[in-house]
Amino acid sequence: RRSVHYPPITSQSKSTQTGGSAVVASGLGEGQRLLSRAKRGWVWNQMFVLEEFSGPDPILVGRLHTDLDVGGKSIKYILAGEGAGTIFAINELTGDIHAMKRLDREEKAEYTLTAQVINAETDEPLEPPSEFIIKVQDINDNPPQFVQAPYQASVPEMSAVGTPVTRVTATDADDPVYGNSAKLVYSILEGQPYFSIDPNSATIKVALQGMDREMREEYLVVIQAKDMGGHMGGLSGTTTVTITLTDINDNPPKFSKNLYEFVIPEDLPIGKMGGKVKANDRDTGENSKSTYGIVEGDDQGVFEIITDSQTQEGILQLKKPLDYESKRAYNLKVEATNVRSEPGSGPFKDTATVKITVEDSDEPPVFSKPIYQLEVNENAPINTIIGTVTARDPDSTGSQISCLCRYFIDRHTDLERQFNINVDDGKITLAKLLDRETDMWHNITVTATEVRNHSQISRAIVAIRVMDINDNAPEFATEYEAFLCENGKPGQVIQTVSAVDKDDPIQGHYFNYRLVPEMLNNPNFTIKNNQDNSISVLAKHDTFRRQKQEMYFLPIIVTDNGHPPMSSTNTLTIRVCGCSKDGIVQSCNVEAYVLPIGLSMGALIAILACIVLLLVIVVLFVTLRRHKNEPLIIKDDEDVRENIIRYDDEGGGEEDTEAFDIATLQNPDGINGYLPRKDIKPDLQFMPRAGQHSGPNGVDVDEFINVRLHEADNDPTAPPYDSIQIYGYEGRGSIAGSLSSLETTSSDSDQNYDYLREWGPRFRRLGELYSVGESDRET
């Protein structure tokens, strides 16, 4: 129910016109009337107070009145200002002011208007304008609202009672100053007894001890905000708060089984999975992660257990190979431990037993060594035993029992087949002579295959070292060529000579140099040992002259210190040269002494150039002569290409028989003799052969062609390429005669075709077509 209040009007008279009439401003309510002051004129700063409303009918706000409104005097009230004419309207005759539309304090709390009295006939103002205020008084017409709804909040599980969770806030559009329309009180409609809320601050708190996320993770709490201080008649609004309990590490891992049993084959590769275990943890995230370890039963360190980061499973895998013959079962104690733990909480770990049974597998043979190193002397005789490889069967009860294996050499590693192996006992023998200077090491692969199961194969590397023997004689390190100056001094070092040996003795090389026996008393040269496996060649005199002897050969014997010692004879070439005063070689030739006197080097070069020019001219002349006499077809045994011979002459057509005589083929009765080839010029002349005799009816073409083909194949003058010969002869005719009726003078009726029936089934139909019966002839 809405009511209109008319409080006493307080006014301050500012200025009025003297002699004006008094103005009465009145508000109607409960018979009370407000009269104007004794002083004439409008009353200023009047205020009307009106509650906001939403009714459809106009509501009287107040009434304006002036002393001039007496009797039948024609006056008129007018209204101006905020909302005049739209929200507020004035009765021109009575001065009553009505509110025409809904007033909402939340939109506008007060309006300032101006009233004035004018002459209704002339519209002249009778009084100066007077300003007054209409104030809209608040009523509780707006419920509380949660502008940030819905709310999401979280709190750790197992939180203590009173732990703050979150705070919600509601707003009320009513006037917070006037009355209790905007005073809010909060309460929980749903969510008890788990949570509580402070009625004034709207802080939500934990209300129940020991809330466990693993039992319930999410709660929906409904919060109500009510105005009027929570009293009856107040308006309210609600919101929802979703509260999630966050996880803490309050649960230990727990194996799904106390005993796990796995069967693992003994040939399982290292690093491969042998089984899985799983410890479940009711926590989430990092709190649920665990690590696994083996705490008992694996003294040899055969197994390890790792954690799968995706599934949080424990993966059991091998660190060392299993051996069924040595150990067939394992009992392991596996432990799962949380990665994180809460301070002061209990042990977050669990244990389980893992029983592993090793399954026997057919394993390949095992060599006694992974790599064998053998030695053999070079040049050892063939079939020499170098060494033996052995393998055992790991599936046998005794670890030292040799397996029933067959041994082979992988020939991809012995391409030259230098070694052999006994397939039964693994003895490696020499198949070819070895040379250490060619290959010092030979690496071959030997395979061992079980006799009862050929798929079980194992391999071993055999490194064979070729031991050195003294089988190479030393020789000069290079092909020495010494130079001796004519003006040299006796005892001058001509050349320093060293030797090399392909052998490699353990004690190192030591070479002995000496002249051959016939050169021991050499009057020209001698040698000197330098004590470093080298010698110096010395000249004995200074009378060497190029005119006398230009070159000397000095054979030297080099011997090593091997057992037995090896030696070789090497020859040192010594040239006598002309040298400068400083001993620098200038010329080692004798041309200065053999050239005629007065003939310089330039003249000699000119003579040689002339001779070369003449030779070139002669060669060109001979080449041109040969080219002119060259036949059309080049007779060259090495030229096997197919050549194209061009004939520039057109010839005389069919009557031209000079180039090619084909009369024999066109008329085999005419010529039967030998026709020489016209396309080449033979170097040898052969006697013509007697032609084939024709039969009674002329030449047999098939025999004629065979004869010509035989002659062409055996003709030495024929070019070395295939040629095509076209035979235009078609033959003379058939002994059966012509079957055509074009040239015959007889008619069909005169001919008898009965003989066609005698030629067989193929001509029977033809005979029926051409044969005429007696009845046909009569008709």
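Any Cβ shown, glycine's included, is placed from N, Cα and C.
Keep in mind that what you see is a predicted model, and the values were worked out from it rather than measured.
These come from TrEMBL:
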COMPBIAS  10-21  compositional bias 'Low complexity'
DOMAIN    66-146  domain 'Cadherin'
DOMAIN    147-255  domain 'Cadherin'
DOMAIN    256-367  domain 'Cadherin'
DOMAIN    368-476  domain 'Cadherin'
DOMAIN    476-598  domain 'Cadherin'
REGION    1-23  region 'Disordered'
TRANSMEM  593-622  transmembrane segment
Mean of the pLDDT scores, which run from 0 to 100, over the domain 'Cadherin' (476-598): 84
For the domain 'Cadherin' (66-146), the number of residues DSSP places in helix, strand and coil: 0 helix, 37 strand, 44 coil
Helix, strand and coil totals (DSSP H, G, I; E, B; other) for the domain 'Cadherin' (368-476): 3 helix, 49 strand, 57 coil
